[in-house]
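TrEMBL lists A:7, A:8, A:9, A:10, A:180, A:185, A:210, A:211 with the feature ATP binding site. The substrate binding site feature in TrEMBL is assigned to A:47, A:74. Among the features that TrEMBL reports, domain 'ACT' is placed at A:267-343, A:349-421.
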């Protein structure tokens with residue numbers, strides 16, 4: 001008997017009506033002869049509403065209490081889905097992340113899954129129940145407090161459960177059809193991909209593709225969980241994410257898609273000493289503020305001044321804090337000034353195929369140049385090329401690359417106003 | 001150091017503003033040098049809203065899932081109160097009923113507390129925290145599932161915690177000032193009682209007084225928990241409920257108050273055989289439907305017919321079901337017909353003093369007769385007299401008794417539009 005893990009995002013369960021439809025799909029999956037475990041996000045905007053309520057009673061809520069509060073959302077939706085399933089005549093039991101054995105670190109708001117011990121889930125499945133698990137949460141190994149997992153936490157919960165239960169597939173349902181060669185709202189002839197390797201999906205997630213979170217894909221890769229990204233509004237097959245790109249025969253390796261990202265900002269530390277150690281002090285200052293840096297460029301120093309500039313990108317939401325921290329250390333570290341630019345866009349080409357196809361970088365740059373787009377910063381990996389450009393030119397850059405590498409199909413993509421939730 | 005347990009009902013925490021006020025009171029209690037444990041109900045109408053949501057996805061929700069759903073309400077409010085407390089500079093941690101060690105039977109929706117093992121609560125108190133506990137819930141000893149405790153469950157949670165922690169007092173906060181000699185909305189000169197014994201409070205709760213639930217008072221009596229019923233809107237002293245009436249010196253024993261109840265209906269089984277066993281079959285049929293019977297009257301049988309009538313009262317909400325069950329068994333048991341009356345009221349006089357004062361029953365009946373009120377059924381205990389009358393005459397009956405036994409004060413009672421929540 002196959003075991004299927006499904007995950008439904010917030011918009012898929014945003015109302016009583018949607019919950020009933022999701023319940024029908026779940027029961028069909030069970031009737032087809034599968035054991036079914038379903039991870040559920042909170043209904044629609046519940047999490048935002050709870051955050052708003054919290055801000056009304058406390059400007060800076062303690063992280064532990066925020067987790068106690070927010071986890072109510074998934075508890076409510078998983079119980080409701082269980083009820084809807086039972087009204088269709090099937091058995092269902094809901095569990096919190098803690099009850100389902102999702103063990104995490106103690107970092108409230110961004111906990112990481114350490115282990116999954118799904119004993120109660122397995123027992124309920126063996127009794128013939130469909131099992132609902134509240135997503136986005138677990139329990140701290142040390143303090144036994146309830147924790148939330150940060151953005152994309154429900155996807156990670158689903159993949160982690162699939163790994164622990166040795167599931168045949170982990171279906172991630174949202175309001176988008178699958179993974180596309182580019183965002184169909186920008187490149188209307190984008191095609192839905194049938195399959196993407198783990199490494200390629202990791203790159204796409206890191207480069208702005210929202211449909212699956214980075215941690216979720218990392219987890220799937222480590223534990224070899226087959227992920228199927230699908231729409232909860234149709235029965236269409238979506239995109240399978242599994243397998244290593246190493247297993248793709250060289251001649252079949254292709255360029256997978258174009259990703260874009262508007263969420264970053266750029267910081268340039270100007271006139272930094274060129275001596276060893278100074279760049280490190282800049283990065284340490286930023287890291288101490290718990291800020292992740294993405295792309296880095298150190299310009300060639302001017303011999304006559306012995307000074308150089310360092311440029312890096314980071315999430316826009318962390319921009320002001322990073323500037324503040326560095327400014328405080330200006331005298332101590334020693335630099336002229338900081339330039340902050342939050343009107344950048346990042347566009348990336350991802351594909352296992354570029355390993356074996358020289359000239360991809362050249363074609364990439366030519367395509368952007370022909371479109372009149374200035375490249376600000378370039379960064380590459382074995383299977384990815386990313387550049388920064390003006391955010392106003394980002395859509396054009398996506399289309400130029402999508403065209404240059406012939407990624408489009410003949411038909412217009414079916415476009416939902418999807419958020420990927 | 002004294003340990004104070006406080007319980008705040010739904011209307012006391014119905015908004016962010018009320019939550020902040022409650023947090024201020026809690027912090028003051030802590031600053032006065034006490035350890036403080038606070039049991040919280042769900043905000044305002046949250047429980048009803050969750051029930052409504054449940055009914056939209058499922059006409060008859062499984063009891064286990066309903067408990068998973070409803071317990072979110074108290075989780076949310078206790079986390080919010082903890083946040084509000086921390087914004088005032090004090091430490092606070094919230095726990096679910098399960099985390100606080102409230103162990104119950106498995107009866108979802110009406111579980112009974114078996115034991116309370118408050119290890120985590122005690123540890124948090126020792127670390128200097130104010131502790132919040134989600135009310136109305138616990139965890140089943142057998143299945144480890146989350147359970148809810150039925151009506152008045154948060155009061156019972158508070159008293160049970162107070163017993164387990166050996167608290168000095170258990171303060172029950174609602175929007176009423178305390179326990180009165182009668183409902184002030186009916187008898188404007190009703191006085192607030194300073195103190196009521198456990199047995200008297202039990203009778204009053206059983207006879208319709210809503211401010212404390214029956215199970216909560218039973219628990220307090222068994223474990224000798226001193227209860228203080230107060231308003232969350234003022235700093236006034238309320239009513240203390242503690243001690244056995246046996247400890248009240250005879251000369252001090254008084255009549256405590258008049259209770260009234262509109263929630264019952266009356267069922268009369270007409271023309272039942274007078275032989276042994278037939279009455280029992282009627283009561284068994286009702287009990288099998290899980291319906292509690294309150295007052296019972298068996299009329300004197302008519303010798304010539306060998307038939308009699310049995311009358312009993314029960315909650316109005318169970319009335320139709322009881323009539324249905326008995327009607328189905330009409331031929332089997334053998335009776336003429338059933339009369340159903342849901343326009344009855346029950347008025348009761350409670351007081352340890354009636355044990356030692358003969359003539360109370362006579363005064364009681366005379367007072368009602370003088371007010372022109374017909375007595376339909378009478379039932380007494382050592383410290384209580386209850387009668388049924390027409391529901392339209394109930395308020396008048398309350399006033400007549402309150403007057404006849406001189407229970408009123410000189411001042412008009414301060415009347416909130418309180419619901420006792």
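Here the Cβ of each residue, glycine as well, is placed from N, Cα and C on the backbone.
On the structure: features taken from TrEMBL.
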residue : record                 : Cβ within 10 Å
A:7     : ATP binding site       : 28
A:8     : ATP binding site       : 29
A:9     : ATP binding site       : 26
A:10    : ATP binding site       : 26
A:47    : substrate binding site : 20
A:74    : substrate binding site : 32
A:180   : ATP binding site       : 25
A:185   : ATP binding site       : 14
A:210   : ATP binding site       : 19
A:211   : ATP binding site       : 24
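You'll find the Cα of residue A:7 (ATP binding site) roughly 17 Å from the Cα of residue A:47 (substrate binding site). Between the alpha carbons (Cα) of residue A:10 (ATP binding site) and residue A:74 (substrate binding site) lies a span of roughly 9 Å.
Look at residue A:7 (ATP binding site): DSSP puts it in a strand. The domain 'ACT' (A:267-343) scores a mean pLDDT of 89 in the predicted structure.
The two recorded residues, residue A:210 (ATP binding site) and residue A:47 (substrate binding site), show a Cα separation of 19 Å.
Binding of ATP is attributed in the record to A:7, A:8, A:9, A:10, A:180, A:185, A:210, A:211, and the widest Cα separation among these residues amounts to 24 Å.
Cα spacing between residue A:211 (ATP binding site) and residue A:47 (substrate binding site): 19 Å, rounded to the nearest whole number. Looking at residue A:47 (substrate binding site) and residue A:9 (ATP binding site), their Cα atoms lie 12 Å from each other. For the pair formed by residue A:185 (ATP binding site) and residue A:74 (substrate binding site), distance between Cα atoms is given as 30 Å, rounded to the nearest Å. Across the structure, residue A:180 (ATP binding site) and residue A:74 (substrate binding site) place their CA atoms 29 angstrom apart. Helix, strand and coil counts from DSSP across the domain 'ACT' (A:349-421) read 29 helix, 14 strand, 30 coil.
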